[in-house]
Amino acid sequence: MGREYPLEKFRNIGIMAHIDAGKTTTTERILFYTGRTHKIGEVHEGQATMDWMAQEQERGITITSAATFCKWKGYAINIIDTPGHVDFTVEVERSLRVLDGAVTVLDAKSGVEPQTETVWRQADNYGVPRLVYVNKMDSTGADFYMCVNTLRDRLHCNAIPIQIPIGSESEFKGIVNLVKNEAIIYEDDLGTVMDEVEIPGDLKDEAEKYRTELIEAISELDEDIMMKYLEGEELTEEEIISAIRKGVISNKIVPVLCGSSYKNKGVQPMIDAVVDFMPSPLDIPPIKGTDPETGEETDRPADDNQPLSALAFKIATDPFVGKLAFTRIYSGIMKSGTYVYNSTKGKKERIARLVKMHSNRREEVDELRAGDLGAIVGLKDTTTGNTLCDEQNAVVLESMEFPEPVIHVAIEPKTKAGQEKMGIALSKLAEEDPTFKTHTDQETGQTIISGMGELHLEIIVDRLQREFKVECNVGKPQVAYKETIRKTVKAEGKFVRQSGGHGQYGHCWIEMSPSEEGYSFENAIVGGTIPKEYISPIDEGIKQASETGTVAGYPAINFKVKLYDGSYHDVDSSEMAFKIAASMAFKNAMSKADPVLLEPMMRVEVTVPEEYMGDVIGDINSRRGRIEGMDPRAGAQVIRSFVPLSEMFGYATVLRSRTQGRGVYSMTFDHYEEVPKSIQEKITGEKK
């Protein structure tokens, strides 16, 4: 089977934006106009084709990146519709890694919003070329020119309008195409009847101004155009398109378009712009990887005749076929029914079937070729970020990095029978989502789930109930405190019991002192005051007793013990008696050694725009945080600090409201530190 579309006619794009800017509606319209759907799905009616999880249809937001394939004027377009909510940033990150271009959707009345900044930064990291579509031009307060200014001011990009609107708010009825220098007026509700007319008289000056701006912007990128422009020659449409394309692919300019997806205006010209200006797989540099044998860097050009290289960028569970591995093919051909080598894990896997996805509908195909996006059925060991390749020409592509979870809660099934079911379900969900983690707390025995925010974990619990039929109780997160000592003391432990027949006798003296890290035990017994066989039980007894300290019953850490004296009884002494004596000695010693409570300190980095810095620093200080330093980063500041974990619960929500959603933070465990006296008293009071 040959290639249906040549590689230069391929476009792999993502649609990204702030929540509620109209991404999913825009994608629905693209599918309608390219003939993929015969009925338009409305998000607010819960019918959108791309929002296929029950939670998405209920909440009207996109949680997972739905992938779909469509055709337009002889071009093949793969589209990924990504979520705009900050808790689902991982989905955006995954998509950008495998896309060649992106359409950023703005709300015409809001311009650049917080999550727009976040996804823009992510796209910058991957060098993804972009164009901007200003949506909702029909809504009250719509302002196209304000949007262009926010792009320039807040994202520091070279935003160049290639269209301007005809009218706005309820009067919005079409666009001026600055490339063709003509107007498009929409005549019907479905947007399929358009009239290409002369630019209205009252817009001629405005159109001339922005067309000149466009020509000047592209002439700076192309010497031939510069010469023609300076000599006053008229540029052809082809020359302008070619120059804009060059500027977009090199990330030097960002074309700005406008429309109203809901009112079916401006969508087809936007699809034209995707075809005209977005790169094909041949326009972007070959994917880089490492040879697993030699460790040398190698690259794989987009070509069917090259050895196979592909990246699994998302794992999803399909109710009918099981595990789906969404994959981008960078080079070579992947065939159904063959084996593929997972070079990340060093394992061979069999491809049962290959499918192209249309949201959650599958179309089976025999092969996927360079540039394709598709899903594989049958891979057992492959996880997000794994490389799939030809075993004889192995390569490991650069994997994806995901942020650590920032919020944790305890969860338990409502019934005993649900325990095993919940374990299986959680491991499946963790396989799908690299930012969702689950573990069992060794101290409380509780199952702890961790994720990117409250909404993220809500959706996880919701999916447990809907997809896996596991009803759960969700608790509040708890902090794992520890205890330690501050001075060296000596203490005795003596266990004597006479109750007819055999008695019990164990007796020891220990010296307990603070230590830098962990626990150590030294046997300093001389002259056999305690026989050798009882030394190990004494060590064991101390270790067991240290699991519940004397301050508030939390585990004791960072101390050392020297066993230096004691006594025994020929008949009554036993291992158990010495174990009990040792635990008594530990309790006596710890209570005299100035014991204190320790709390986990988190290394917290907050990235915020300058104007919110004072507010955020004040908030960190109020949480008993210590500011370690600040670094400037692309129009923002990174505040580095240490903050107690107990003070960080609910921080994501607070930061979001204090910075209008423009602040982001990361949090990792760093070390344990002494709890202030007043807080210690409060915690011990609660424990009692």
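A Cβ is built for glycine as well, from the same backbone N, Cα and C atoms used for every other residue.
Residues annotated as GTP binding site in Swiss-Prot, with sequence analysis given as evidence: 17-24, 81-85, 135-138. According to Swiss-Prot, the domain 'tr-type G' annotation covers 8-282. Feature annotation from Swiss-Prot assigns region 'Disordered' to 282-305.
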Worksheet item: Which state, by DSSP, holds Ala17 (GTP binding site): helix, strand or coil?
Response: strand
Worksheet item: When a 10 Å sphere is centred on the Cβ of Met137 (GTP binding site), how many other Cβ atoms does it contain?
Response: 28
Discussion item. Let's see if you can do this one: DSSP helix, strand and coil counts over the region 'Disordered' (282-305), in that order.
Written reply: 0 helix, 8 strand, 16 coil
